[in-house]
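*Asks:* Residues or ranges marked as transmembrane segment in TrEMBL: 25-44, 109-127, 157-177, 184-212, 218-243, 263-289, 295-312.
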Amino acid sequence: MALNVADKTSRYTDSSDKPAFSDKAVRRTTLAVVVVICLGYLLALPEVDPIVMIDHHVFNNACEEMRAGSGYYESMDRALRETYGPSESARAFRMPTVFWLWSRLPSQQWAWVVLVVLAGLTGWIFIGVSRTPLAPPLVVIYLLATARFQSSSGSVAQFFLTELWAVPALAASVLAWQKRRRTLAAGFALLAVLIRETAAGIIVGGLISAYLNGERRWPWWTAGLLAAAAYGLHVICVSPYLVAPGEGAETALLGTAEFPMSVLRMAGFGLPAGSILGLVFWVLALRWMWRCEEYSWFPGLLLALPLVGLILDRTYWGVLVVPFTIAWGIDSAVELWSRLKAKKQTSPTN
């Protein structure tokens, strides 16, 4: 029997249509903190990082080629060969969506500025997604600290990590879902997948939820089919640049897992003491998903992404998940603390 979402309420508190923190002063203060954090990152970090991650270097080189007039696939092939060697599978090439944006900016420094703006926008979105004022600033700090982190040798750049650029679209999809704007949620989910295909779980989760809740399925079917068609076209465009199996330079994908560390490292990527803190946030966030009925399977499959670490080791995929586990982990902890405190206050005393 199908469930009517309009009749469903959260096991926790008020309907999801209400704002995360209803006090306007708190919301304005939270947004002001987000803006200050973004300005601080823009002003405090050097214009040029002394160290860059290898993928960042490859992607920047591809963008430089594109600015000179080359197409994406030709540029990426050349950048990969110069750093790694030839590729034998399409997975070495990212989807071109965000590269088209980067290549139209004057330099990679402008890409950093745009990412800071998007991080601030994500923080603003999380004011609607989360229920506690602490979460949005922490999400912004996480995104920016992951994009340019500090080492003993100075600032290290990896802000061309495509997962970072998919997070704003994922957050917008979740907020649209909370407001029961399913078509808009599916549209933002599609955008996220076009930026980074590993975010596809959010479309699958939306489709499953639509079936279980008796809602319209066509937005999710449309998003899924468009995403599949785009990736299929991407594979076709990549194929002329691939070498025969066994001649490529890619590292192995399947079978690289080191259980349980590959799961824990993905769940805590970019966090201090990530394997521990990430697990805590992840468990608390999953509890939150269970308690808040408005989510159903959405975005439960996205939160399940670290389980991919059972079969492969790609810790940086965790960037797609950690902002949400931070926010919902904090929400869950605050709600759990409130319940325990209320239970203590109502318990009989001797």
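Just so it is clear, glycine is given a Cβ too, placed from its N, Cα and C backbone atoms.
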*Asks:* By a Cβ-Cβ criterion of under 8 Å, what residues six or more beyond either terminus of the transmembrane segment (25-44) are in contact with it?
*Replies:* 19, 113, 116-117, 119-120, 123-124, 127, 133, 136-137, 140-141, 144, 148
*Asks:* Can you name the far-off residues of the same chain, 6+ from the ends of the transmembrane segment (295-312), with a Cβ under 8 Å from a Cβ of it?
*Replies:* 170, 173-174, 177, 185, 198-199, 201-202, 204-206, 208-209, 212-213, 253-257, 259-260, 262-267, 282, 285-286, 289, 318, 320-321, 324-325
